[in-house]
Amino acid sequence: MKQLLRSGLQKWPYSVVSIITALAAFGAYTSMYAFRKAFSAATFEGLHYLNVDYKVWLVIFQVIGYTCSKFYGIRFIAGIDGRERGRTILFLIGISWLALLFFALVPAPWNIIFLFVNGFPLGMIWGLVFGYLEGRRATEFMAAVMSVSLIFASGFIKTVGRTLLSNYHVSEYWMPFLTGLLFVIPLVVFTGILDCLPPPSEQDRELRSERKPMTAADRRNFVHDFLPGIILILIIYILLTVTRDLRDNFEVEIWNELGIKDVHIYATIDSLIAIVVLVALSLLILIKNNFNAFKVIHGLIIAGCILTGASTWLFTLHYIDSISWMSLAGLGLYMAYIPYNAIFFERMIATFHCKGNVGFIMYIADAAGYLGSVTVLLFKEFGGSAAISWSHLFQQSLICISVAGSIAAICSLAFFVHKKKEVPNIKILPV
C-alpha cells in the first residue's frame, strides 16, 4: 500500500507534493507538541517540594530528558535508516504518552520522574520528521512551514490545555494526557503521509547534495572542517534556546506577571509571529545560489537578535506596552531561532557540498542548547536567584541575545565567507 501511494505521488507536480509534505510535517510536529508542552499550560499553584516550585521541577526533569535525548540523537539521527522513520516516530511518541498517563496516576512529587521519561523520546522527533524534508529543492519552504509549528504549536497547545482546565474542569494532572489523546489520530495520519513520500529526485540530489547516514569518521571530519563556525553557532544557539525555553515553559507566568490573563493570548500572538516568520523564510526559496542564501540567513538572524534588545529597551522605557513588547520580542527571538531549525544547516551543507546531514549538526546544537537551558533553571532555583521573576529573567535573556548573539552571528558570517574562499566554486543549477 505504501509503495502504491508513493508511486502515485511521484506522478504529481513537484509543487503539489512539496505543499503536501510541508503541511504533513507541520501537522506531525504540532501533534507532537501536544505530548510535550501541554503540562506547561498548568500552573500547579501553591505546590513546592524542597523549597522549589513543583512546576519548575517538572520543567527541569523534562528538559533533562530532552537534553539527554539530544546527545543520544547526535549518533542516532545521523545514522538512522529512512525506512524506519515513521514507525520510530509513533513508537517514541507512544512512550511519551504512556509517561503522561503515569504522571496522572502517580501522586506528586513521585510523578515528577515521568516528565523525564516523557522528554527523552520526544527529543528525537524533530530529526526524524526533518529527515523527510532535507536534501530537496523546496526544503526551504517545507522546513519553514514545519518550523513555524515551533511557534504556533506552543501557543495553540497552551490554549487547548487552558481550555480543558477552565471550560471542562479537567485536573491539572490529567490535562496533559487528555490533550495528547486529542492529537493521536492527527499524529498517525500526518506521519503516514510523510512515510509515503517519494525520496529526493536526481535533480534534488544534484542541487542540494545527497544526504546519507554518517559514519563516526564522517562526523569527526565534519566537526574538524567547521569547528570555529560550529563554536560560534553554539554560542548563539545556546542563548536562543535558553530564552525560547523560558518563554515556552513559563509563558503563562510571564503573561500573568504582566497583568494579562486571557487564555487566547498565547495562540493569538504566536500565530501572528508564525505567519511573519513563515513568509520571511519561505521567500528564501527564491534565492537559487546556496551561498547567497546562507549569507541572507545570517542577516535574518542578526536582525532578530537586534530586535529582541530594541523592543526590550523600548518596553523598559515605557515607550511600548506589554503586549507590543511580547509580540516584538517574540518575533525577534524566533527570527533568529527558527532559521537554525529550518534552513541554516540545509544551506550550509548545500553550500560546501560536504558529506553530512542536517540531523547530525542540528542535534549537536540542540544538545548544547538544552544543556544551557537546564543549567539556567538549576542556577535560578539553587543559586540564590529564586526570587527573580520569570518576566525579569526573560528580559535579561533578551538583552544577552541582542549583544552576544549579534556579535557571534557577525563572526559566524565572517568565518563562513572566509571558508567559502578555501573551496572551489560549484555550479548551482536553476531550480
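Using N, Cα and C of the backbone, Cβ positions are placed for all residues, glycine too.
What TrEMBL says about a protein is an automatic prediction, not a curated fact.
On a predicted model such as this, the values are computed, not experimentally measured, just so you know.
Here's what TrEMBL has on this protein:
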type	residues	note
TRANSMEM	12-36	transmembrane segment
TRANSMEM	56-77	transmembrane segment
TRANSMEM	89-106	transmembrane segment
TRANSMEM	112-133	transmembrane segment
TRANSMEM	140-157	transmembrane segment
TRANSMEM	177-201	transmembrane segment
TRANSMEM	222-243	transmembrane segment
TRANSMEM	263-287	transmembrane segment
TRANSMEM	299-320	transmembrane segment
TRANSMEM	326-345	transmembrane segment
TRANSMEM	357-379	transmembrane segment
TRANSMEM	394-417	transmembrane segment
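Highest Cβ pair count under 8 Å relative to the transmembrane segment (263-287), across stretches 140-157, 177-201, 299-320, 326-345, 357-379: 140-157. By number of Cβ pairs under 8 Å, the transmembrane segment (394-417) is matched best by 299-320 from the list 56-77, 112-133, 177-201, 222-243, 299-320. Cβ atoms under 8 Å from those of the transmembrane segment (140-157) belong to residues 18, 21-23, 25-26, 29-30, 33-34, 37-38, 41, 129-130, 133-134, 179, 248, 251, 266-271, 273-275, 277-278, 281-282, 284-285, 293, 330, 334, 337-338, 341-343, 346-347 of the same chain, restricted to positions at least 6 beyond its ends. Counting Cβ pairs under 8 Å to the transmembrane segment (12-36), the top-ranked stretch among 89-106, 112-133, 177-201, 299-320, 326-345 is 177-201.
When each of 112-133, 299-320, 326-345 is checked for Cβ pairs under 8 Å to the transmembrane segment (222-243), 326-345 comes out on top.
Long-range neighbours of the transmembrane segment (326-345) within the same chain, counting only residues 6 or more positions beyond its ends whose Cβ lies under 8 Å from a Cβ of the stretch, are 126, 139-140, 143-144, 146-148, 150-151, 233, 236-237, 240-241, 243-244, 247, 254-255, 258, 269-270, 272-274, 276-277, 280-281, 284, 293-294, 297, 300-312, 315, 320, 358, 361-362, 365, 398, 401, 405, 409.
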